[in-house]
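Visitor: What TrEMBL lists as domain 'Glucose-methanol-choline oxidoreductase N-terminal' is 84-107, 239-253. The annotation FAD binding site is assigned in TrEMBL to V204, P498, Q499.
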Amino acid sequence: MTSRSTYDYIIVGAGSAGCVLAAKLAADASARVLLLEAGGDHRKRSDVQRPAEYLRLQGTSLDWNYSTTVSAGLAGRTMICPRGRMLGGSSGINAMIYHEGLPEDLDAWQNVAGDFWNREAIELAMQELRGELESTESIEFPAEITPTGQAFMAAAKSACDQGKIAGRPEIYRRTTRRGARQSAMQAFLDSPPANLTIRSDTMVQRLEIRNGRTAGVVVGKSNHIETLDANRGVILAAGAIASPQLLMLSGIGPTKHLAEHGITTQIDSPAVGAGLVDHLAFPVTFAAKSTARFPSRWSMRDLVRWSYDQRGPIGSNLAEVGGFFDLPSRSGVPDAVRERAIQLHVTPTHYLRYPADDSPAAITLAVTGSQPISRGRVSLRSAEIDDSPSIDPGYLSDSRDVEVLAQGVELAREIAASEPLADWIDHELLPGEKRRTAAQLERAIRRFALTLYHPVGSCSMGIDPAASVVDPQLRVHGVENLYIADASVFPTLPRANPQATVMMVASRAAGAIANHSAS
Ligand SMILES: Cc1cc2nc3c(=O)[nH]c(=O)nc-3n(C[C@H](O)[C@H](O)[C@H](O)COP(=O)(O)OP(=O)(O)OC[C@H]3O[C@@H](n4cnc5c(N)ncnc54)[C@H](O)[C@@H]3O)c2cc1C
């Protein structure tokens, strides 16, 4: 059986970007907007709402459960690649940090994608977005910082004041409302307007492309295929893994690769899937004195505290504090790379073992190389939407990324040795006090570094169709009526947790798409 329906805009994916896009495009009451989401509505689940439980959502049905290919850079390991599958997308399972990043990072965007992405316009869009999130009480600072987080803040500040390190410790703002998660779905679409249709549990199979124009999308299974038509545009917001997959399944991608899977090329676009990049964190972990143990199960008191005033362990997103820090000038790397090269996420837990019940009292300073050079790609494993694509972020394939992390380990050690944090610490567990040489640190980094869950760049924007997938206004090169607006279009990965930048991209995209489709 087949059926069809017509809309003005069809948005694929109700994640961080898709929810912003839907709210903005539907602000024009005359536009019929359809938002399609493969996952369900899980906003009310307690494990989604409680910040400290976000790690427990991984590997559940709320996660696409992707993993990366075996990686030489990670000593032959594969890596989990969690992505949210629900209304709200990854903003429904993420760690909630809302960071606008460093404005100068987006100058690189202007260099590759032109004036639409100038710093002033981006800062204005970020400011407007912050205002919108504040007006729905969807971002806030934590009501309480764990004692070890407080000790980190004081120790890092003291190490900076004494000139031992350079940087800025910070308390991270987050997407919570009165201590409970606010996904993009809640922040932007809690009361959707009448001209917006939201369909959850609806998997888009492929795009419908006719004569160089995207007519709509195909959803459903073989016993009931539906074609949904879009007069003014289809916007892919399926994220950095699924957006390139959907393009390739629809015949937009590198011709040779498509042919390997029996897919007829509609548009030869060599850059689809290329350029994938992710932040990687090495968890410098310390055994803490037993009074610092963060619970992995909640007491009645914890539940009552969180319900009444959002305090206590349940309200912690585990990474309340951190900040950006420089590599030492003796490191020999150019200033542009050295400055704010390391982002820290400080957790009151053993990063590798929490939330297991037997995870010991520990504190982790997770060291992230904020500007990784290594790049990889998303490619198809088969021509079936139900087969996960092959994901290779190229982790640590460029040895300069290892050097940055190794120097970050020394930075973390310096802070951990500073009072008052030193008082909480018993001894170093990872990489371990005896691991000091470059070769020892490299081995530990390749064995234990973990994703920080920030894949971007697999359909990057740019001017040259041979080197990019969308133009600066996010129109897919070579085909009409098709846009991409999500983490996949980032031409570079900014020094930040990306969700604020993803939402900013969606917000700018909505304006550009409405203007373009009206002309
Ligand atoms: C565990 C974790 C922790 C993170 N922590 C942070 C953090 O603290 N701060 C931060 O800034 N960033 C964080 N991130 C990253 C951030 O959440 C993402 O960068 C951001 O949410 C990406 O937004 P997006 O719109 O591009 O994709 P997503 O939010 O992933 O949305 C894509 C949507 O498309 C849907 N979809 C995919 N394929 C189809 C299909 N075929 N048909 C229909 N729907 C489809 C998906 O189900 C999903 O809902 C984290 C991510 C994870 C997974």
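Quick reminder: no glycine exception, Cβ is built from N, Cα and C everywhere.
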Visitor: For the domain 'Glucose-methanol-choline oxidoreductase N-terminal' (239-253), what is the mean per-residue pLDDT, to the nearest integer?
Guide: 98
Visitor: What whole-number distance in angstrom separates the two most remote CA atoms of the FAD-binding residues V204, P498, Q499?
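Guide: In whole numbers, the farthest two Cα atoms are 25 Å apart.
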Visitor: What are the non-local neighbours of P498 (FAD binding site), defined as same-chain residues 6+ apart in sequence with CB under 8 A from its CB?
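Guide: Spatial neighbours, sequence-distant, of P498 (FAD binding site): H454, V456, A487, F490.
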Visitor: Counting by DSSP secondary structure, give me helix, strand and coil numbers for the domain 'Glucose-methanol-choline oxidoreductase N-terminal' (84-107).
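Guide: Split by secondary structure, the domain 'Glucose-methanol-choline oxidoreductase N-terminal' (84-107) comes out as 9 helix, 3 strand, 12 coil.
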Visitor: Starting from the Cβ of Q499 (FAD binding site), draw a 10 Å sphere and report how many other Cβ atoms land inside it.
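Guide: For Q499 (FAD binding site), the 10 Å Cβ neighbour count is 25.
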Visitor: Sort out the sequence-distant neighbours of V204 (FAD binding site) for me: same chain, 6+ apart, CB within less than 8 Å of its CB, listed by position.
Guide: V12, L36, A38, V217, V218, V219, A238, L246, I385
Visitor: If you run the three-state DSSP split on V204 (FAD binding site), which class comes out?
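Guide: Once the DSSP labels are grouped into three classes, V204 (FAD binding site) ends up as strand.
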